[in-house]
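Database features (TrEMBL):
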TRANSMEM  A:12-35  transmembrane segment
TRANSMEM  A:42-62  transmembrane segment
TRANSMEM  A:68-92  transmembrane segment
TRANSMEM  A:145-168  transmembrane segment
TRANSMEM  A:199-222  transmembrane segment
TRANSMEM  A:234-258  transmembrane segment
TRANSMEM  A:265-286  transmembrane segment
Amino acid sequence: MSELMLTLFNGASLGSILLLIALGLAITFGLMNVINMAHGELIMIGAYVTYVMQNLFISYLPSQYFDFYFILAIPVALLVAAGFGMIMEFSLIRFLYKRPLDSLLATWGVGLMLQQLARSIFGAPNVGVKSPSFLNGGLEVGTLLLPYSRLFILGLSITCLIGIYYYFYRTASGRRVRAVMQNRQMAECLGVSTRKVDLLTFAIGSGFAGVAGCAITLLGAIGPALGTSYIIDAFMVVVVGGVGALFGAVAGAFGIGFFNTAFEYLTNASIGKVLIFLLIIAFLQWRPSGLVTSRSRSLD
Amino acid sequence: MRNRKNYLLLIVMGLLFSVLVACSAADNAAGASEPEESDPETTDEGSSETEGEASGEESDTIKVGILHSLSGTMAISETSVRDSELLAIKEINANGGVLGKQIEPVIEDGASDWPTFAEKAKKLLQQDEVATIFGGWTSASRKAMLPVVEENNGLLWYPVQYEGMEASPNIFYTGAAPNQQIVPAVSWLLENRGTKFFLLGSDYVFPRTANAAIKAQLEADGGELIGEEYTPLGHTDYNTIIAKIKSEQPEVIFNTLNGDSNVAFFKQLKDAGISTDDLTVLSVSVAEEEIKGIGADVIEGHLTSWNYYQTTDTPENEEFVAAYKAEYGDDAVTADPIEAGYFGVYLWAAAVEAAGTTDVDAVKEAAKGIEFDAPGGPVKVDGDNQHVYKTVRIGEVRSDGQIDELWNSGEPLKPDPYLEGYDWASDLSEALSQ
C-alpha cells in the first residue's frame, strides 16, 4: 500500500517537474508556434541565476538571511530569462514567424551560443547550489517521507499554472494575447498592437523557463549543458498535451509523469524510458494532435 | 489542410532533431568507459594548440604527442590531464630534460570523437614522429588508438582507471586495473560496512562489466546482491530507484553512475532522508573535481575508491599540489587521473634515460620494473602487462569537498587486468574479454 502511495507521489512529483519545464514551451511553441530549441538554455539561465544569487547572498549578507536567496531567485530568474527571451524575439524570432524551419535552426544556434556564454562566464565544470535549509528533509506521512523539495516544486508548478491561467483568461492583456494568436488580422483591425503582444508573449514563455531552471537546481546538475537533458521532455509534454492548448500540457505532463514512474518501478529506468516513448508514439497515432485539440490561426 | 500537414511535419522534425542532438550527446558519453565526464557537450575555450609549435631545431628536442579531447563531451575531464602532463614536461625540462634534450610537446585535440583519436595518433606517429603519446580517457578512445600504435610500433601512456581485460604491448596503463580499485573496495565494504549490496550504474559497458565482476566476487565472498539497477546516461530523476532502495534496505550501494547523474542521485538521496547512518554509497567515478559540482554537503560522509587523493600524505604530493595550483590557479583541484597522467610522463622519461635512446622497443624493455615516487605513493611498471603497481585508497568525502583516506592497501598492489589471481573471476575474464 505504502509503495503504491509512494509511486503515486513520485509520479505526481515527476509530472510537476515536467509541467514546470514545459509551461514556458507551451506558450512559445504551443501558442506562438515558434519551435524554440533554445528553451533548454533559458532553463539553464534560470539555474545559473540561482547560483549567482546564492553567491551574492554568501558574499554580501549575514548568514542568517541565506535561505531567502532561493525565494528571491525565483522572480529574478523569471525576469532575467524573460529579458533574454525579449532580446531573442526582438533580434531574431520576429523575422522568422512565417518560417518555422528556419526558426528551428536559428534558435538551436542561439542555444549553442548561450551554452558557450555560460561556459565562458562560469567555466565548463558543473557548479553547486546549496538547497535552502527549509527544503531539507521531508514530510512524514505514515511510513512515507515526502521530500520538501519535491513538495515545493509541486506547489511552485501549480502556482505558475494558476498565474498563467489568471493572466491569459482573466486580464485584458491576456485576452489580447489570445485574440492575436487566434486571429491576427482581426485583432490588428481592432487596434491590438500585435508586435507588442508577440514580444510580451515570448518573454513570458521564456520567463517561465527561467523559473523551471530555478527549481531544477534542487534536483540535479547545474552546468552549461543542463538544457539539453530537459528539452526533449519539454517538447514531448507539449506535443502529447496538444499544441496550442495550455491545459493539454498539464494533462500531458502528469500523464507522462505517472506512466514513466510506473514503468520504471515495474521494469527499470532504461526499459521504462523505451516503454514511455512507445506509449507516446502509439498515442500520437491515435490522436495525432494531442490530448486537447484547439484551433488557432496557424492550425486552420 | 496542406498547411496543417506541413505544420505537423515540422513538429516531427523538431522532435527528431532534438532526439538526434540528445542521442549524439549520449553516444559520446556511452562510448566512455571511464568515470568523470561530468558534463556533456563541453568545449573548453581555454584550450589552445599553440604550445606545441615552439622551438624548431629537431636535434635539441624530443617530440612527444599529447592527445586528449580538448573539445566536446570529454574536454571537461581530459583538459586537466593534459595540464598535468604539460606540468610534468615543464618540470623535467627545467631539470635538464631527458638525455640532455628538451621535451617538446605536440598537442592534438581528440575532440571526444573516437575516429579522430585514431587519425591524430597516426598523424603524431607518422608525420611528427613523436617518441611517445600521452593520451586518451575513455575506453573507446583507447580502443581506437590501440591498432594505430600497434601497427606503427608507437607508444601510448593511458592515464585512467578502466575495466581491464586488455594488455597491448604498445600501451602503458598508468590508471588502476580492476583489482586496484573495484575488487579491494568490495572486500573492504564486505568487511566494514555490510554484506547487502545494491549495484547502481549508468547503462553502458563500464558499469555492466564492473558489476559482472562484483557479482561474481559477492557470490564467492559471502555478500548478498539485493538489487541491480541501470539508468540511461544523463538520467535526472532517481525517485523511483530511491524508492526501491528504501524498500529493499541495502547496507551498501556500489555506485558506477557516470557524469551528471551523480549530482541528481546524491541530491535526491539526501532529500529522501537517507543518510550515511542508513547506508554507505561507494562511488568509483566521483573524484575531487566532481564533488564541486555535486555539492560537498550532499555527498559528505560517502565513500570513494581511487589510488590517489589531493589529501594523500606524501612529500611528493605536497610538491605536486603546490606546483599544480601555482600553474593553474588556487581553485584547481588534483584528482586520480590527473596524478596518473603526471607520473606517466616521469615513468617514460626515466625509461628513456635508462635505455639511452627513445627507440620504442628499447624504452619498453627499459621500462620493465622501473620505479617512481609518484604523488600517490611509489609506483612500479609491471613488465608482463605494462600496467602499474599502485596503492589502493578508500576515502570518505569531507565537508569541504576533499577526501580523507580511511584505508589503504599498505603497499602497491600488483596489477591484474584479467583478474587471474581470483578464482571467482575465472569464467568471467573469458566471457568479458571476448
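Glycine residues also receive a Cβ, built from the backbone N, Cα and C atoms like all the rest.
The transmembrane segment (A:199-222) makes contact with the transmembrane segment (A:12-35), as judged by at least three Cβ pairs under 8 Å among residues 6 or more apart in sequence. Counted as Cβ pairs under 8 Å, contacts with the transmembrane segment (A:68-92) are highest for A:42-62 among A:12-35, A:42-62, A:145-168, A:234-258, A:265-286. Long-range contacts of the transmembrane segment (A:234-258) within the same chain: residues 8, 11-19, 21-23, 25-27, 29-31, 33, 39-40, 161, 164-165, 168, 181, 276, 280, 283-284, 289-296, 299, each at least 6 residues beyond the stretch ends and with a Cβ under 8 Å from a Cβ of the stretch. Within the chain, the transmembrane segment (A:12-35) has long-range Cβ neighbours (under 8 A, six or more residues past its boundaries) at 42-43, 85, 93, 96-97, 100, 103-104, 107, 150, 153-154, 156-158, 160-161, 164, 177, 181, 198, 201-202, 204-212, 215-216, 219, 230, 233-235, 237-238, 241-246, 248-250, 252-258, 260-261, 296, 298.
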